[in-house]
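Enquirer: Got a structure here, written out as structure tokens. Questions coming.
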Ligand SMILES: *[C@@H]1O[C@H](CO)[C@@H](O)[C@H](O)[C@H]1NC(C)=O
Ligand SMILES: *[C@@H]1O[C@H](CO)[C@@H](O)[C@H](O)[C@H]1NC(C)=O
Ligand SMILES: *[C@@H]1O[C@H](CO)[C@@H](O)[C@H](O)[C@H]1NC(C)=O
Ligand SMILES: *[C@@H]1O[C@H](CO)[C@@H](O)[C@H](O)[C@H]1NC(C)=O
Ligand SMILES: [Zn+2]
């Protein structure tokens, strides 16, 4: 799946507007993880509901020995092909009000081991066969008689259809299981589900699917494990005037007897996993082209296609596909590549083989409304999903415990594919901000976990779902980038190519990839300190990462497990005692040196550092570790930053800031040293170091924006950002055009964002002027890149009139990205009554869609004035919110973390504890651990503020007085 699955929309947008509440968001992620972990340890016998959230109290596990009580399929039956016909009804049944689908399916399977029980996955399906059993069994070989069914039932907890037979299936024989069934076409975003939207005042319904990880069994009975690959013959019945799509091309149409519609019969699929299936019925239209015989189509709502919103996606898909063919040295395995934008979609996108599904914001682009950030998201997410067409789909990991390799790989190479489509963007550099720094924050906590899990620890659907986290995606991407770097890209892709060739249409485990990379290493003349396997084990089998400490006085180099909270308890033991085999690339005073490896706890650097030399390690942040130095080397680095910062590569300038702030949080270096890394920013023009600084200063805003530190901090930051603001003002001819470069476009937004935030009047006036022009002329001339930030500032400066105008525009927006920008900006108002009314709107689905309710509350809490209002609101409405919005797995922890992330006083701590006690009866569902972690975080914040407030205040004062 695309990354949107674990990075909530909330986080993405708030990050753009406020310069990233990255840490809080990341803590929220780790909270979800550990909360799921805790839950699964408790509730061994509770059926997980959709999204992996269960509100049922723990029950004592019953002793279970029957096959159907186990979550994994026995190895006795192996499917060869399925024949599935599905008929979704796009109007509700007038009697029941339900949307349903009906289906028939047959599966032909081979008996690999004698058995008298058939288990096949099935969830929330009702069986309608006209005999006494739920399914019928026949034998393929006419001389073999199939045993008859003795009893059949649905084992709801483990999600099986169970058939007990009166005799054994014979080893080596083929059998066919026939079923007829009905399911609900619910709006629950999983399995076969419906998505609704309004077009020309008319409600329209789309039937679509999201199978990964375990919801194919909600669409038809199937052996729903990734290693149970089979061929699928798919038929869809639908009204004429609608289009049916599936993984493969259409074979033929026919007219069913049952209704006046059409039957679309698809060519059989390649041998594939169930989680990659897709079926869609809609009245969408499309645009297409053909590249080297591969048909490429982009589908979306008719008005979106008419407005050419699919054009950008179509333009870049061909080149990215060609890039991956070259990269993998393997031609695209399918005859067509469809991509479709859906109004309701849970993840960012899903890599169904040949029919990729997307959120509208992840596929549709409109020059008049989309920012460069929207555009980049489209390029990277398309690239991510296309990368899966080989890595994941052609060769599939055998079981979900290796999910990190599938998602980490796609999350790494998505940058390579996007770079091919947009070579001027330098998009590859952004992995440092978007993945490495982001996941460092999670992976530095005691509650982190290793990339690799044991197969036996991942059994239940909820355990599988919880693997779709920042560790799998972003740490996976980071360590694979490091691996590709020290192997060199040639060796890396060589191993990849032979791996894909060996396991095509089959399954593998992560060690198979290491073996192929080792073969490529052996065929080269490369020298590594150990095998690929042994080096990578240290990164894959233990959680966390090292801080490498280099003492330039003594030449010693050492490593230790980096923990954000040095007092963390409960760190699990590691097979490598938290040491890593670390590749170290470094430079001395601007000159790159021969790379070195750190294999044990400590070693020595190979070059002498003397006089004014400085040493900088982890060049271009290709290594997955932080670096600390002796004070003398820090001082020389700071000096270099302030005198000639360009001698230090741009990614390392971002690294110095991020490492310093985090080493300070971990009490390894003083906070003042971290603040000193921001002193050179008045000379910095590059985006990545600025963004890194703003991410780290966000914590200071949260801790101090209601205290006496705020004024001097604002003065300091305004002083630092003013030159940047002037720089972009000149570059853009007084804001009359946007900068050419992608990074410059981003940094222009940062310049405006921080200038306005720190009260630079010229900036705020600009926001008011542009927004008023829009209100007066009804023509919006604000460039899409600047809209989110300009709307926010204009609404903050304005009153009811501005707010009402934004609301009207929000309700009438013709593209999802524009509505998103307005929805977050409306939370920026400083009028408490408007904020309170907006909070009330979140409880009315006619005002704010359910899926957007909790993120809207969090936007309001991000506003320093909205903070306490949102907290009061959540406390007052907890019971209602809990019952209305209990379904989404991330929303509760995001909500609780979002409204409490500023907490840093004893009083707030007491309120939080009271909140926990008052609602013990109602409960906190998926937010349970978030409540406890918020209490922990508040205690840590109180401590941090007590220890740092004086110093920080003095530092900001001194920095603003001195000039
Ligand atoms: C699939 O089933 C339909 C009837 O449900 C049948 O007409 C068709 O021949 C079957 N196809 C295969 C490949 O078995
Ligand atoms: C499973 O659920 C169905 C429908 O809700 C019910 O009819 C059936 O009895 C349940 N099966 C078991 C074993 O509890
Ligand atoms: C399936 O059966 C259950 C129990 O009888 C019923 O509540 C549900 O509505 C049925 N679902 C469909 C889609 O018919
Ligand atoms: C797509 O490509 C065409 C042809 O190169 C170009 O004219 C058009 O502007 C591109 N559209 C987008 C949205 O990039
Ligand atoms: Zn993915």
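Cβ atoms here come from the backbone N, Cα and C positions, even for glycine.
What TrEMBL shows for this protein is this:
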| type | residues | note |
| --- | --- | --- |
| ACT_SITE | 385 | active site, proton acceptor |
| BINDING | 384, 388, 407 | Zn(2+) binding site |
| DOMAIN | 78-276 | domain 'Aminopeptidase N-like N-terminal' |
| DOMAIN | 312-539 | domain 'Peptidase M1 membrane alanine aminopeptidase' |
| DOMAIN | 614-937 | domain 'ERAP1-like C-terminal' |
| SITE | 473 | site 'Transition state stabilizer' |
| TRANSMEM | 12-33 | transmembrane segment |
Enquirer: Go through the recorded positions 385, 407, 473 and pull out the ones with a Cβ less than 6 angstroms from some atom of ligand 5.
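Expert: With ligand 5 as the reference and 6 Å as the Cβ limit, the list reads 407.
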Enquirer: Could you check what DSSP calls residue 473 (site 'Transition state stabilizer') once collapsed to helix, strand or coil?
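Expert: Going by the DSSP assignment, residue 473 (site 'Transition state stabilizer') falls within a helical segment, counted as helix.
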Enquirer: In whole Å, how far does the CA atom of the residue listed as 'active site, proton acceptor' lie from that of residue 407 (Zn(2+) binding site)?
Expert: 10
Enquirer: Is any of the binding-site residues 384, 388, 407 within 10 Å of residue 473 (site 'Transition state stabilizer') (Cα-Cα), and if so, which, in sequence order?
Expert: 407
Enquirer: Taking 10 A as the limit, how many CB atoms besides its own sit near the CB of residue 473 (site 'Transition state stabilizer')?
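Expert: The answer is 29 other Cβ atoms.
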Enquirer: Let me know the most crowded of the binding-site residues, choosing from 384, 388 and counting other Cβ atoms within 10 Å.
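Expert: Its Cβ has the most other Cβ atoms within 10 Å: 384.
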Enquirer: Could you name the residues, excluding 384, 388, 407, of the same chain that surround the Zn(2+) site, i.e. Cβ within 8 Å of the Cβ centre of those residues, in sequence order?
Expert: 1, 2, 351, 385, 387, 391, 392, 406, 409, 410, 411, 414
Enquirer: If you draw a 10 Å sphere on the Cβ of residue 407 (Zn(2+) binding site), how many other Cβ atoms land inside?
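Expert: Its Cβ has 28 other Cβ atoms within 10 Å.
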Enquirer: May I ask which of the binding-site residues 384, 388, 407 have a CB within less than 6 Å of any atom of ligand 2, listed in sequence order?
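Expert: Checked binding-site residues vs ligand 2; nothing flagged, none.
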Enquirer: Average pLDDT across the domain 'Aminopeptidase N-like N-terminal' (78-276)?
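Expert: The answer is 94, the mean pLDDT of the model over that range.
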Enquirer: Among all the protein chains here, how many other CB atoms are within 10 A of the CB of the residue listed as 'active site, proton acceptor'?
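Expert: Total other Cβ atoms inside 10 Å, all chains included: 30.
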